[in-house]
There are 2 protein chains.
Amino acid sequence: MTAHGDDVRDGEAKAASTAESRSSESEGVSIPEPQDRARSIPEAAVARLAVYLRVLSGLHEREVHTVSSEELAVAAGVNSAKLRKDLSYIGSYGTRGVGYEVAVLIGQIERTLGLTQQNRVAVIGIGNLGHALANYGGFPSRGFPVAALFDLDPDLMGVPVGGIPVDHVDDIPRVCAERDVTIGAIATPAKGAQDVCDRLVKAGVRCILNFAPVVLQVPEEVEVRKVDLAVEMQILSFHVARRSQETPDSTDSEHAATGAPQSENRDVNTGISPVDGMVVRP
Amino acid sequence: MTAHGDDVRDGEAKAASTAESRSSESEGVSIPEPQDRARSIPEAAVARLAVYLRVLSGLHEREVHTVSSEELAVAAGVNSAKLRKDLSYIGSYGTRGVGYEVAVLIGQIERTLGLTQQNRVAVIGIGNLGHALANYGGFPSRGFPVAALFDLDPDLMGVPVGGIPVDHVDDIPRVCAERDVTIGAIATPAKGAQDVCDRLVKAGVRCILNFAPVVLQVPEEVEVRKVDLAVEMQILSFHVARRSQETPDSTDSEHAATGAPQSENRDVNTGISPVDGMVVRP
DNA sequence: ATATGTGAAACTGTTCACAGCC
DNA sequence: GGCTGTGAACAGTTTCACATAT
């Protein structure tokens, strides 16, 4: 996430936004400058919209037609004020005194997230993770069909995984162009990641989901999001360490068993909940 | 990242840290209070420290003994001011006019992240993702040995995956306690995730990495981090959509081929780079 | 000379609290 | 009465810029 991510935006390469805000040279208290237009939606809010969408889909399936911000917030693991503010970024689709119509909200969030048009995905690196991704049969609740698989291993060429035959990474440009791939998921080891990334970019792919432990260098028009297992583990480690030195030791666990919904789970980018992970085993 | 980064930290349930900082009741300008120690470190900075650590490890292997904040920052994909501030949270281990000693920094970051003591990991849900995790042979660059595997499937019981035999989820409390598991990685489908989570909590596990698309409800002393594939995809989708409507269309891709290191990759929680993903295929 | 460490400014994101509409 | 939508206060994070140390 995140140069937009959650912590979002890096400092560099953000010439665009910087430039536009340099309109008035005046000193003192600067007036907000309203010309900022509507396209803003904070990155963090975008991530949460995806979560709300999942919850709403669940409600829709259960024939629930209306929800209040409070109900939806609890289900999504955020507080209601934040949820309302997030929804306000995409428009006013609620009814005061009543709540939101599930179907309407689903439609509006899907539209905002661009889910009305499909994004074909290419998975590169057909190992364990690649398999998991390929078998995911259209990522979230459909909308992201896996259209191409690539690897280096000669033994895998042509072998169908999740119904799609594996191609050689050398064919990335051709195959991606042919199948109109818009998102590339790099699930290779660190070593080949940058090379694969370059090929994807050359093929016109402008959105990449990177699972490899490297900092990909890409032209600025390419959006890269990274999922880093090690970082997650180390963050948890930090909390383990902090906890054990901070607490004089009052707990020995055994009191907090089953249903005690208190603290929130922090998602990598939402600070909260989920939407659709990876199907692994029924 | 993400958050994650990110936006990290929720507002609720943060009583602990609040309470501890209430030591001096004095008003006015509060003196830094040296006893403030390490506990402050912004979440966002913690995530990035893990990234710096990876880069530093690489430098260490290549026999590089010293780095400037600028060099390290470029390699990690952040700007140098942010990097220096991040490092300042853990202490002053640089030399003005010179830079940082790689070995020293590695040691300090490891200490801060609690990597000096091992965290044994249990993986629940031995499907594709579970396999990937189990075979990861100690997550990042070691430090997170996988000590237990669980699943529901009778056919898997006792079968060794990555050298560790699979146990039944019913045995989570016993096995986790026996093997002193401190981190649980939930790689099950959405359905069983909350149940598995409850068992882990009952077993005394207080840190959970959740790959299942559900909002886990846990007691507040339990830390949950979530990796959500669908959210990542949908965020990318949002950017695809935004891009194509925002740009009057000046690009047709073909100009930004290989080596053009410009924009940064946003990690789910660092806003930047990587540390160690998942080994998939050599 | 050069590069760190850090207050202070700027910015982004979150929460409060209430006006406005049902 | 209940609930949305949102300005304003607040909190967290990033960037600036420079004093400080080698």
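Cβ atoms are placed via backbone N, Cα and C, with glycine included.
What TrEMBL annotates here:
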| type | residues | note |
| --- | --- | --- |
| DNA_BIND | B:51-90 | DNA-binding region |
| BINDING | B:Gly125, B:Ile126, B:Gly127, B:Asn128, B:Leu129, B:Gly130 | NAD(+) binding site |
| COMPBIAS | B:1-13 | compositional bias 'Basic and acidic residues' |
| COMPBIAS | B:260-272 | compositional bias 'Polar residues' |
| DOMAIN | B:114-215 | domain 'CoA-binding' |
| REGION | B:1-37 | region 'Disordered' |
| REGION | B:243-282 | region 'Disordered' |
Local Cβ density at B:Gly125 (NAD(+) binding site) - other Cβ atoms counted within 10 Å: 30
Residues of the domain 'CoA-binding' (B:114-215) by DSSP state, where helix covers H, G and I: 33 helix, 29 strand, 40 coil
Fewest other C-beta atoms within 10 angstroms, as judged across B:Ile126, B:Leu129, which are the binding-site residues: B:Ile126
Binding-site residues compared (B:Gly127, B:Asn128, B:Gly130) - highest count of Cβ atoms within 10 Å: B:Gly130
Within the DNA-binding region (B:51-90), residues counted as helix, strand or coil by DSSP: 30 helix, 2 strand, 8 coil
